[in-house]
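J.: Residues or ranges marked as ATP binding site in Swiss-Prot: Gly18, Thr19, Asn20, Gly21, Ser22, Gly23, Lys24, Ser25.
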Amino acid sequence: MVRKKLWVMQNKAIFYCGTNGSGKSTLRSFNQDAVQIVIDSDHIAMQINPQNPRLADIDAGRKAIGLFHFAIKQHIGFPMESTLSGNSIIQRMKTAKENGFYVHLNYIGINRVEINLARIKARVKSGGHFIAEDIVKYRY
């Protein structure tokens, strides 16, 4: 019971991790009421360059990191997505915990890379962002 009260009282840092096309954004969409701001570098990239968001990945990543630091400093709950392809997300989890956030990790695993590729293809057809097949396979 005490643990549940902490979950309600503490700011939440919810991390959605998994390979590209695994459903991180889909899962996150079900938990929108649990956070105050959303840190989504893919969405930021789409805002910067709607025609080719991949060209804006570096700028979007910087803006996402800026939002992360803002959320930590202001004690604002947030979700963040990652493919876990680097160590920086682990450091962000530690930083959030050290700053009093309740850190929750959701890992979405898919048992075949073909499913990820099909999901990405469907996402692109509906206006979502593209990720190159070789990158998806490498991260898988």
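Cβ coordinates come from backbone N, Cα and C, glycine included.
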J.: Including all protein chains displayed, how many Cβ atoms other than that of Thr19 (ATP binding site) lie within 10 Å of its Cβ?
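T.: There are 23 of them.
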J.: Of all the binding-site residues given, Asn20, Ser22, Ser25, which has the fewest Cβ neighbours within 10 Å once its own Cβ is left out?
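T.: Taking Asn20, Ser22, Ser25 as the binding-site residues, the minimal 10 Å Cβ count falls on Ser25.
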